[in-house]
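Read through the structure below, which is laid out as structure tokens, and then see the notes.
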Amino acid sequence: MPMIRNYFKIAFRNLVNEKWYSLLNIGGMGIVLAVSILLFWWVRDELSYDNFHSDIEQIYRVNTRFGSETAENTFPDTPGAVSTAALKSIPGVRGAVRLSPYWARIFRVGNNTITEKGDLAYIDGDFINFFDGFTLLYGDKNNLFPTPASAILTRDLAIKYFGTANAVGKFFKNVENNQILTVGAVIEDSPDNTNFKQKMFLPMQAKVLPFREENNGDNLDESWIAYDFETFVKLDKTTNPEIVGQKITSIKKAARNKDNDAVLYFLQPFSQLHLYSPDGKSSGMQQVNLLGLIAFLLLSIGCINYVNLTTARASRRNREVGIRKVVGARSGQLAGQLMVESILTLSLSLVFAVLLIEIILPFYQEITGKTGQFSLIDFDSILILVGALLLTFLLAGIYPALMIAGFNPIQVLRGRSNQRNTLGLRKGLVVTQFALATILITSTLIIGSQLRFIRERNPGFNREHVFSFDGKKFALPLQQALSEQPFVKSVSTASDSPVNVLRGTGTVEWEGKDPKSMPIFAYTSIDPAFIPSFGIKILDGRNFDGSPSDSLHFMLNETAVRQMGLKNPLGKRIKVEGREGEIISIVKDFNIASIHETIRPLILSSRPQINNIVLVKTTGESATTALAAARKLWGEYAPEYPFDYKFLEAHYNDQYKSEQQTERLFNFFAGIAIVISCLGLLGLVSFAAEQRTKEIGVRKVLGASITSIITLLSKDFLKLICIAIVIAIPVAWYFMEKWLNNFAFKVDIDWKLFLAAGLLTLITAIVTISFQSIKAALMNPVTSLKSE
């Protein structure tokens, strides 16, 4: 114990005596630890989605693949009959439940009208018990939906509506269908790391029963046509999920033999839903791996600083180490003392990191979208902190201690050391450090270039100065009224926003179609004003003309024509969802979704009676006036509903929030990497100048200029940084090429971006080196020559 106390006393004294280098080490490592801890925290959160449900490894979602086993048309939606068939006919299926979107958004509680922005859903009665991570606060576990007009609310929503969490038995109204709903149960708010973000659940009966009444007794529970449900199954541990998917497909084929091999079902592990798309693409997991790698790289840069500065300063410990060895100290004891110094330095860095986390946490939450709080009493936070400390000690603390403790006592007492042996290591570490920083800077520039491409790319239609809103059943009269306003350029209606056409159909027939194929077409309805309003180019044929015969006509994009293999499409007849009509026009391809996707085959129909989206094009300057007019008219037609609008430009940009988040993160990380690298470089240049103080004095006495002194101290470091840039360029090129492959439309990687990144790294390094070099060059030679 006294020995350990002595170790800490000596360690503290050395830190105080070497204030400048101690500050560089503690400050640099503190910054790196803070950022790395937050990144590891983010990775841990992403990997923990829905882990609070038991049996998560036995739960799967049933996905649908249209076309063939290699088709790309894959969706998470299934018919209602899938869960029934799985439970009744497939051994090894322990349970099956469904979830389906509930589109109502406007509710009235007492005299208050409330618009819900989040997702709502219909669920089967045992859904909450199937996913047992939900915590029931109030209500009967065995009867969560006493009637088809019941609802389950989260605690947050219950308090919002009724001022109390215990809202069981209380009433509220669905304004959109005038249905009175009763609260059947209240559950605890779900954590952020869940795929189920819904705050309100309604019984599946409330969806199934009205459908049966409106469709001559058809039962959604037994239907293989309506793909309205997400279906989850729980399997026995010995049951093969691949075989279950094949059996569901076989049951479906037996029920609807005419579909042949066009539809296949397969199971996706529930634990993969957050990070993998239904077709198995791992874009989310790639981002987790990327940010985890960046955390490790930043930690490595910080550790490189520590090792470089510690080994560079080792010569100052020569005499101390030699004397201790001569008087009988063993290498293990010396290594122990030096490790204690490392632990003390890294522990102080960790304390600084925690303080820094508290400061930058709001910024972190803004750029990541995470709302959790970092708490020192949280077990996971403690685990991350201890893990980060141990990792940095393993990476940075052990080697310098063993290296210094291994000095030969006779050599060091004679004034010799093995600094030459560590010089090669330091050079390699400097190269590694700046290569990593350059890779991050290059990646940031390429990501920014792709985002500019997204913003500036012509999607094939003019989206500027257009706002849209859901006109509900008033879309046509609102269109007419707004068209009469002098400050509105045009008004059109559609069943989907042109920025993101959601509806698709596989029930399309044409002459020559392969009966075994089932390609999915985007399918939307527009009016005659839509094409000219958005400047969509008609390549052949004509626009809809507003006549009753429009309902028997179709317009196709170029991709749809290629998909069908039609040589002379005009005048050909096709059948879409049972409705036969003539192709009257071919329009130029335009983006109807994110540019992550290739352009989808599109069929345009014209049935204004089903169009609910009103699209108002303004001059830009008149946008405010047009909005005011739309809001006023809305109050006349639908006073019970709030006026909820969105500009298409904003809607378009919302599709790329993930990329914008990535850009902000890389900007931040690249900045941290270059700052930390330069802090280490500053320390090394300072040490080099200190080692050559007498040499600098002699050179100045002999007439050397300040420029030559600066060159003397800078040239070796600048060579290393140039080598780092050369190494970084192909590595950055490789990883950015892989990232850009996630986009169907992307920029070409420009060599100028690599040149800019290299110059930025070099200029930053020159400024850092010059700061300390000029200081050394300006030192009085008399003072220099007096130095030891």
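Backbone N, Cα and C atoms are what each Cβ position is placed from, and that goes for glycine too.
Note that the coordinates shown come from a computational prediction; the quantities given were computed from them, not determined experimentally.
According to TrEMBL, the protein carries these features:
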{"type": "TRANSMEM", "residues": "20-43", "note": "transmembrane segment"}
{"type": "DOMAIN", "residues": "22-250", "note": "domain 'MacB-like periplasmic core'"}
{"type": "TRANSMEM", "residues": "290-309", "note": "transmembrane segment"}
{"type": "DOMAIN", "residues": "293-409", "note": "domain 'ABC3 transporter permease C-terminal'"}
{"type": "TRANSMEM", "residues": "343-364", "note": "transmembrane segment"}
{"type": "TRANSMEM", "residues": "384-407", "note": "transmembrane segment"}
{"type": "TRANSMEM", "residues": "428-448", "note": "transmembrane segment"}
{"type": "TRANSMEM", "residues": "665-689", "note": "transmembrane segment"}
{"type": "DOMAIN", "residues": "667-781", "note": "domain 'ABC3 transporter permease C-terminal'"}
{"type": "TRANSMEM", "residues": "717-736", "note": "transmembrane segment"}
{"type": "TRANSMEM", "residues": "751-771", "note": "transmembrane segment"}
**Fill in**
Residues outside the transmembrane segment (717-736) whose C-beta sits under 8 Å from one of its C-beta atoms, at least 6 past its ends, are 427, 430-439, 442-443, 446-447, 681, 684-685, 749, 754, 757-758, 761-762, 765-766, 769
**Message:** With contact taken as 3 or more Cβ pairs under 8 angstroms (pairs 6 or more apart in sequence), are the transmembrane segment (343-364) and the transmembrane segment (20-43) in contact?
**Reply:** yes
**Message:** So if I exclude everything within five residues of the ends of the transmembrane segment (665-689), which remaining residues of that chain have a CB under 8 angstroms from its CBs? That is, six or more out.
**Reply:** 20-21, 24, 27-28, 31-32, 35, 291, 294, 297-298, 301-302, 304-305, 308-309, 312-313, 367-368, 426, 430, 433-434, 436-437, 440-441, 443-444, 447, 696, 713-714, 717, 761, 764-765, 768-769, 771-773, 775-776
**Request:** Please average pLDDT over the domain 'ABC3 transporter permease C-terminal' (293-409) for the predicted structure.
**Result:** 70
**Message:** Under 8 Å between C-beta atoms and at least six residues away from its ends: which parts of the chain pack against the transmembrane segment (428-448)?
**Reply:** 294, 297, 300-301, 304-305, 307-308, 659, 662-663, 666-667, 669-670, 673-674, 677, 680-681, 684, 717, 720-721, 723-725, 727-729, 731-732, 735-736, 739-740, 747, 749, 753-754, 756-758, 760-761, 765
